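Here TrEMBL flags 12-431 as domain 'Nitrogenase/oxidoreductase component 1'. Sequence annotations record features per position, and here TrEMBL assigns [4Fe-4S] cluster binding site to D36. If you look up TrEMBL, you'll see D299 marked as active site, proton donor. Annotation source TrEMBL lists substrate binding site at G434, M435.
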Amino acid sequence: MKLAYWMYAGPAHIGTLRVASSFRNVHAIMHAPLGDDYFNVMRSMSERERDFTPVTASVVDRHVLARGSQEKVINNISRKDEEQHPDLIVLTPTCTSSILQEDLQNFVDRASLSSESDVILADVNYYRVNELQAADRTLEQIIRFYLDKAYKESTLDRSVTKTPSANIIGIFTLGFHNQHDCRELKRLLGELGIMVNQVIPEGGYLKRLKDLPKAWFNVVPYREVGLMAATFLEKDYGMPYISTTPMGISNTADFIVQIGKLVNVWAYALLEKRFNYKLYVDNQTKFVSQAAWFSKSIDCQNLAGKEAAIFGDTTHAALITKILVKEMGIRVSCSGTYCKHDAERFNEQVQGLCGEIVVTEDHTEIGDTIARIEPSAIFGTQMERHIGKRIDIPCGVISSPVHIQNFPLGYRPFLGYEGTNQIADLIYNSFNLGMEDHSPDVFGGHDTKGISTKALSTELSDINWTSEAESEPKKIPGFVRGKIRKNTELFAKQNNIPEITVDATYVAKEKSSL
């Protein structure tokens, strides 16, 4: 475990709480000390929802340390059962409270004897997995629990729907544009003649989980959450799944082709017909999505020669890399992810599409990489947006973790054909283009383009500039000032010049032009 003031993926209990609070009428009880109970604040601040079920904290305090947690945990479970009558209570410890090494499963078993609600202990190793891995495991555990329960009670119906249908697995609270993506997926499936059987966990009812096997197939839009559940359903219930994310023109077309193959397996047997989606893909590509046309326009061609750096979760970072390179002709200098557990898959997806691959959870490493590469634009998380501000490089946010401004009220999907339009807009508007960047220098007036002196690395911080030398960069266009300053400092360091004067700037300029 590593102490850090920034984490891309949070601790495991946050993933469990995100899944539990996404279902309807499910209550989570967190066995944790004060300080670990920030989930309610985080969710209520970010998600634009009218109401949600808060998480209850069973606080580990000095009395618990002295006497043990058993009585307190069981009382909290019983109290919530009586007050709120949830269908399920999920007990989750944190990595901090796990140090006590108490038998929480025994607490759950005892509480279940007097509880009307189902009670389970989240089966997650809180020391070895992160937020996304824990969410994936918790979702699979809840689905398995209710399907096994239905089987034991002989209420499990294995028949499939009469018309094509699908489950969407992995849409949940605090996900990056998840609600918008879900709407777009529903629209896309509906236009293909496919009924949405269930969306889980977001807004899902536990009593309906026994009907999951009725769908013809499952859709897992994001690799981070839902794959474990889909794999379980395929293995135990013979349900195929599609894990191709319909993001970008190419991937959306591949997604629809895979749907056609799965649907026609059942359609020929049940409906004596076959589905052909080729015309639909052609019409959507030509008339609904403007991205295909835009990529050939003079506006997009203006991006030729621009370079980008990309960082995020596996799904978004890999696909934005693919869109930039294959669909918009933009060079990607660096592509990276913080999902170290999925590094092999990420490498397969971006191999050959970028100059450098970075897999790290250290924001300072990705920050120094971006500062070294000096791309024209960054596409990343909230942290990369902060990094971009420090070194004066624009950033488009494409992945969690994010701030409240990336929970928009308007419709902003990243998936499907409408998603291609949104992504094209984001990419194009994230670059500084033409006169926009240095027109204040040309036309005079209020020059807001200052010189960034905040370096991500401290290698050059011991070099001083004279006041006369400081005024020299103001004579050149703003969009190259940062680079000129960096090159001048590098020249001074290489030549053991302790202070940069006006003469030194001209010598550095002459050397760099050779």
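Quick reminder: no glycine exception, Cβ is built from N, Cα and C everywhere.
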Surrounding CB atoms that lie within 10 Å of the CB of the residue listed as 'active site, proton donor', all protein chains: 12
Alpha-carbon spacing, D299 (active site, proton donor) to the residue listed as '[4Fe-4S] cluster binding site', which is rounded to whole Å: 48
Mean of the pLDDT scores, which run from 0 to 100, over the domain 'Nitrogenase/oxidoreductase component 1' (12-431): 91
CB contacts for D36 ([4Fe-4S] cluster binding site) [other CB atoms within 10 A, all chains]: 20
